[in-house]
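Feature annotations, courtesy of Swiss-Prot:
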- N376: N-linked glycosylation site (CARBOHYD)
- N387: N-linked glycosylation site (CARBOHYD)
- N455: N-linked glycosylation site (CARBOHYD)
- 524-545: region 'Disordered' (REGION)
- 29-49: transmembrane segment (TRANSMEM)
- 72-92: transmembrane segment (TRANSMEM)
- 100-120: transmembrane segment (TRANSMEM)
- 125-145: transmembrane segment (TRANSMEM)
- 157-177: transmembrane segment (TRANSMEM)
- 192-212: transmembrane segment (TRANSMEM)
- 291-311: transmembrane segment (TRANSMEM)
- 317-337: transmembrane segment (TRANSMEM)
- 345-365: transmembrane segment (TRANSMEM)
- 395-415: transmembrane segment (TRANSMEM)
- 433-453: transmembrane segment (TRANSMEM)
- 460-480: transmembrane segment (TRANSMEM)
Amino acid sequence: MSSKIERIFSGPALKINTYLDKLPKIYNVFFIASISTIAGMMFGFDISSMSAFIGAEHYMRYFNSPGSDIQGFITSSMALGSFFGSIASSFVSEPFGRRLSLLTCAFFWMVGAAIQSSVQNRAQLIIGRIISGIGVGFGSAVAPVYGAELAPRKIRGLIGGMFQFFVTLGIMIMFYLSFGLGHINGVASFRIAWGLQIVPGLCLFLGCFFIPESPRWLAKQGQWEAAEEIVAKIQAHGDRENPDVLIEISEIKDQLLLEESSKQIGYATLFTKKYIQRTFTAIFAQIWQQLTGMNVMMYYIVYIFQMAGYSGNSNLVASSIQYVINTCVTVPALYFIDKVGRRPLLIGGATMMMAFQFGLAGILGQYSIPWPDSGNDSVNIRIPEDNKSASKGAIACCYLFVASFAFTWGVGIWVYCAEIWGDNRVAQRGNAISTSANWILNFAIAMYTPTGFKNISWKTYIIYGVFCFAMATHVYFGFPETKGKRLEEIGQMWEERVPAWRSRSWQPTVPIASDAELARKMEVEHEEDKLMNEDSNSESRENQA
């Protein structure tokens, strides 16, 4: 069915692509990634767009003091929209291309932001956040795949990790905007903050006219000339004879030939015997990322710091520091993910996060006292103001937890889920499925965390600590290493059922040509093709004579 849809829309898709190509393109891979990963910045704007306001008096008064259940649904409504957006993304991305999907992402985001900025009641706020969420869902499913398809293999991890960096940058920018605008009395504070969300959406929308289409998608549409030109301009300043370019084109051809010779690919294919292990690995990678508890820190940090004894501006300032930590620590992570590998970072990160979750639970459990008159039923405990050391210990656990996440699971999962398939035929749909799992867990965590704080307070962190232990165990036994491996190697590793803990040192049973060997082979084939074309042209001229 999916292949039929792609064939039906192939003509219109190429016309749309021609229209998008009217403006000159920029082929610097970092510029391209910076435009596409604005979708990640929008994801970040979503995460912190509520954080600075949920404890503010004017917010509580305007929305009639929403209880833990209502506030949970308001916060989580964007994740609900993102779930549906991520599922729908492949129905646009496959037949119409990656750029149109990013344009769709920007459109929904801007419409949702406009609705939020003109909010009159809770229902309108929820509707606006759901619509923006659809856009974020499109972007979170498409942008990592688009980056992986365009990036040279040697910096694939870096380019893939830029998505998470832009997420953290968006979180920080939005929180500080909200913090500054929070000094305005009345509803203008959050109206302006939510209206400013239109800016990154507009930048993404306009930027899509200056970046090229995915060469793999173009090749699939039979546009080989355009595909080769894009690969050459990105990897070799336009030199089509460059070995890296020849290797990349060869890999694309091999993948498409394999796709032509196989049965139709759809969502059901992901759950066949060949792919089901990869599918569940990618799904659990996204599930575990949410179950670290990171978004509890992002969405409800103001609540957490109230429990630690902070209030007013001191709460917001202390809260903002973790967003700076999140952004700054992500930068070296982009480098180390290609040096250290995926597995060591994920296992080490889960272990550290477990320790800090248990540490935070222990401090709050030991030193907090009941706080029945807090004015917020989600915050019913508090460390006394005279116990500064306990407060600082709780805050330190939060900061160290955020740093541990940013350096490991924050960057690592988006890179890993784009690589793990080892087969471009299923990568887009697989990424859409795994990303939808991320969003449904995001929704559940944002929805039920206030209720968890209300009913079990500090014990909530014990639950997330246990999840961190479980994910470290799962990564060790179930997540193979993908660092430095070509798509064919990753696919072969799955087919040979290599144990995850042996994947780092694994060598292909069926030898795969080295880059140098493949380059020599491609050069020979390229010369043979040129000679055949010359012979064909000579015969044609002789016949005409």
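Glycine is treated like the rest: Cβ placed from N, Cα and C.
Contacts between the transmembrane segment (125-145) and the transmembrane segment (345-365): absent, as fewer than 3 C-beta pairs lie under 8 angstroms at sequence separation of six or more. Secondary structure at N387 (N-linked glycosylation site), as computed by DSSP, is coil. Ranking the glycosylation sites N376, N387, N455 by C-beta neighbours within 10 Å puts N376 at the top. A distance of 13 Å separates the Cα atom of N455 (N-linked glycosylation site) from that of N376 (N-linked glycosylation site). For the transmembrane segment (460-480), the residues of the chain that approach it from at least six positions outside its boundaries are 281, 284-285, 288, 291-293, 296, 342-343, 346-347, 350-351, 353-354, 357-358, 360-361, 364, 416, 420, 449, 452-453, 490, 493-494, 498-501, 503, 506, judged by C-beta separation under 8 angstroms. N387 (N-linked glycosylation site) sits 22 Å from N376 (N-linked glycosylation site), taking the Cα positions as reference.
Through the fold, the transmembrane segment (192-212) approaches residues 20, 22-27, 31-32, 35-36, 38-39, 41-42, 45, 49, 52-53, 99, 102-103, 105-107, 109-110, 113-114, 116-117, 119, 128, 132, 135, 139, 150, 170, 174, 177-178, 181, 184, 230, 233-234 of its own chain, all at least 6 residues removed from its boundaries and within a Cβ separation under 8 Å.
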